[in-house]
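Straight from Swiss-Prot, the features:
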type: REGION; residues: 1-307; note: region 'Formyltransferase ArnAFT'
type: SITE; residues: Asn104; note: site 'Transition state stabilizer'
type: ACT_SITE; residues: His106; note: active site, proton donor
type: BINDING; residues: Arg116, Ile138, Glu139, Arg140, Ala141, Asp142; note: (6R)-10-formyltetrahydrofolate binding site
type: SITE; residues: Asp142; note: site 'Raises pKa of active site His'
type: REGION; residues: 316-662; note: region 'Dehydrogenase ArnADH'
type: BINDING; residues: Asp349, Asp370, Ile371; note: NAD(+) binding site
type: BINDING; residues: Ala395, Tyr400, 434-435, Arg462, Asn493, 527-536, Tyr614; note: UDP-alpha-D-glucuronate binding site
type: ACT_SITE; residues: Glu436; note: active site, proton acceptor
type: ACT_SITE; residues: Arg620; note: active site, proton donor
Amino acid sequence: MTSKAVVFAYHDIGCTGIEALLNAGYEIAAVFTHADDPRENTFYASVARLCAERGIPLHAPEDVNHPLWLERIRQLRPDFLFSFYYRRLLGAELLACAARGAYNLHGSLLPRYRGRAPANWVLVNGETQTGVTLHRMIERADAGPILAQQAVAIDPEDTALSLHGKLRKAAGALLRDSLPLLALGVLPEVEQDESQASHFGRRTPADGLLDWHRPARQLYDLVRAVTQPYPGAFCQVGEQKLIVWSAEVVAGNHGREPGSVLSCDPLRIACGEDSLVLRFGQRGERGLYLAGTQLATELGLVEGARLRGAACSPQRRTRVLILGVNGFIGNHLSERLLRDGRYEVHGMDIGSDAIERLKADPHFHFVEGDIGIHSEWLEYHVKKCDVILPLVAIATPIEYTRNPLRVFELDFEENLRIVRYCVKYGKRVVFPSTSEVYGMCQDPDFDEDRSNLVVGPINKQRWIYSVSKQLLDRVIWAYGQQGLRFTLFRPFNWMGPRLDRLDSARIGSSRAITQLILHLVEGTPIRLVDGGAQKRCFTDVDDGIEALARIIDNRDGRCDGQIVNIGNPDNEASIRQLGEELLRQFEAHPLRAQFPPFAGFREVESRSFYGDGYQDVAHRKPSIDNARRLLDWQPTIELRETIGKTLDFFLHEALREREAQA
């Protein structure tokens, strides 16, 4: 019986995949592709033209995961889905449309080089082998079981274009051999070895900047990885851009400074190790393709001149304003941005205990203050900085019922003032929404663009936080329609060191895990609200901060006007399970003998713990399709590891408190 397929394809490997399916006897019910981007050099064959010539129904929707398209695909009743170099991630609902599975052809030997542009990355990294992989698609990008692979040798002279040609031939051969076996159901699957996995993100033209302090071999690899039809490697000669299309490595650099012109015929440049001969290139985006010697003449180069590359190109750091910089997200994010080397961080908070380690950094600027009082400083720094993160909020459940008006005043009114400053001065705002905006949504996975936001009755004041955040989300979205650049991110139960303080837990104003650890530290029963049956998806702060840093980076403006869940759907656990794992690790911890015996678990009602205005939700699980698609991001840290390092941090804090009181 003929197998029916729905295909998602782009590029000439998309054409290769379609041809292979037809040759293997598959019925193609529909093909989904992308409209060509006029800004992109489309050197590859057209899926649209092939489908038109073959009479195959073709679509190019903006969002193939939209419910309308999902329903149309379900109506086709496909046996298989295939993705051949399609550029968007297929969501879980879409993958489930195929009766016999969904499969992707990836341009590397998985699990290595997951992600974008693998053919370019293997050349940048000087690899000698790559290949193609046919694998089953799961929610995580490029992570499903492998059905078949074919290796491709990378020659020292290969460029991205020549390697692409090799991969296209390998893909054709692999699909020719594999597709008939897949239709028969006799193609075995092998799980990927996660310990061998590597992930690479999308490349942009700016990534072609040459750093002459690097070894010549690395620069040669960069040149061949991004040469035509890609934008090319480049450097600066005075105020002019020099694009390098072809180069070769020559031993030695005469002991000269990196970037120095060693000769003009040939045009030879000193590198951190050895030197690079620029064989062909052009001056500026519209210049002629010239030999290196003529380029030297055109650019007025002489022996001893210096070319500017990545190491000596002056570029102002992006100024990021973090309000609430001493908080859990703020201090971890500041550390990550400063480590990156491209950012200058300005911060305000009412304390600084969590950021003492950062104060010595010359690119970190801190002022102790209150956003509700220091309005002139606040407005000035919104005007001065490039990206604004208002992280100041009351975000602990007991305060929602205990101080609802204070929650509204700070979380909504004060933050609205900051948003309006961003509108006034044309600044980009990265705003922390919350997973709580989904409220009592019944969807199995909470989707940023489709899930309903459901809250309880007015007399349940715990929803004041959720609706304050939701209203700000809607205000920001409306300002976005008038030109405000924004991204909304929704953290799902981030955990890790410096989450909050044991003192906060003592007055009930902390996150759940801190409360649980406090009971272990003090030898009191662990209180499980309503039995601890509530499920959450816990996210390691390092995973979360990496996603947030990519939002701030915002390559190609991909995050503008977007809402992004940042959570780990694989780390779902009930509060009881969280407590049990904490107890297991606590009993095995080297510091265990310093603390009292475990006092057991005690179930309590939410009303007695939080007050009359509380109402809980049974589960809170994110869809992270947007994060995968926009950020090339995937959480990797397991819950057990996150619990371990969070516990270790608080146990050491407890001992420091004890020593200070002695």
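Sequential numbering from 1, following the chain as shown.
Cβ coordinates are placed from backbone N, Cα and C, and glycine is handled just like the others.
Shown on the structure are the features that Swiss-Prot records.
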{"residue": "Asn104", "record": "site 'Transition state stabilizer'", "DSSP class": "strand"}
{"residue": "Ile138", "record": "(6R)-10-formyltetrahydrofolate binding site", "DSSP class": "coil"}
{"residue": "Ile371", "record": "NAD(+) binding site", "DSSP class": "coil"}
{"residue": "Ala395", "record": "UDP-alpha-D-glucuronate binding site", "DSSP class": "coil"}
{"residue": "Glu436", "record": "active site, proton acceptor", "DSSP class": "helix"}
{"residue": "Arg527", "record": "UDP-alpha-D-glucuronate binding site", "DSSP class": "strand"}
{"residue": "Ala533", "record": "UDP-alpha-D-glucuronate binding site", "DSSP class": "coil"}
{"residue": "Arg620", "record": "active site, proton donor", "DSSP class": "coil"}
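Per Cα geometry, Ser435 is the residue among the recorded positions Asp349, Asp370, Ser435, Glu436 nearest to Arg140 ((6R)-10-formyltetrahydrofolate binding site). The CA atom of Arg116 ((6R)-10-formyltetrahydrofolate binding site) is located 28 Å away from the CA atom of Ser435 (UDP-alpha-D-glucuronate binding site).
Secondary structure from DSSP puts Asp349 (NAD(+) binding site) in a beta strand. For Asp349 (NAD(+) binding site), applying a Cβ distance below 8 Å and a minimum sequence separation of six or more within one chain yields Leu323, Gly324, Val325, Asn326, Gly327, Gly330, Ile355, Phe366, Glu368, Gly369, Val392. Residue annotation for (6R)-10-formyltetrahydrofolate gives Arg116, Ile138, Glu139, Arg140, Ala141, Asp142. The furthest Cα pair among them is separated by 17 Å.
Ranking the binding-site residues Glu139, Asp142, Asp530 by how many other Cβ atoms lie within 10 angstroms of each Cβ puts Asp530 at the bottom. Fewest other C-beta atoms within 10 Å: among the recorded positions Arg140, Arg536, Arg620, that description fits Arg140. Each residue contributes its Cα atom, and for Ala141 ((6R)-10-formyltetrahydrofolate binding site) and Asn104 (site 'Transition state stabilizer') these two points are 10 Å apart. Neighbour counts of Cβ atoms within 10 Å were compared for the recorded positions His106, Arg116, Arg527, and the top value is held by His106. Looking just at the region 'Formyltransferase ArnAFT' (1-307), the mean pLDDT is 93.
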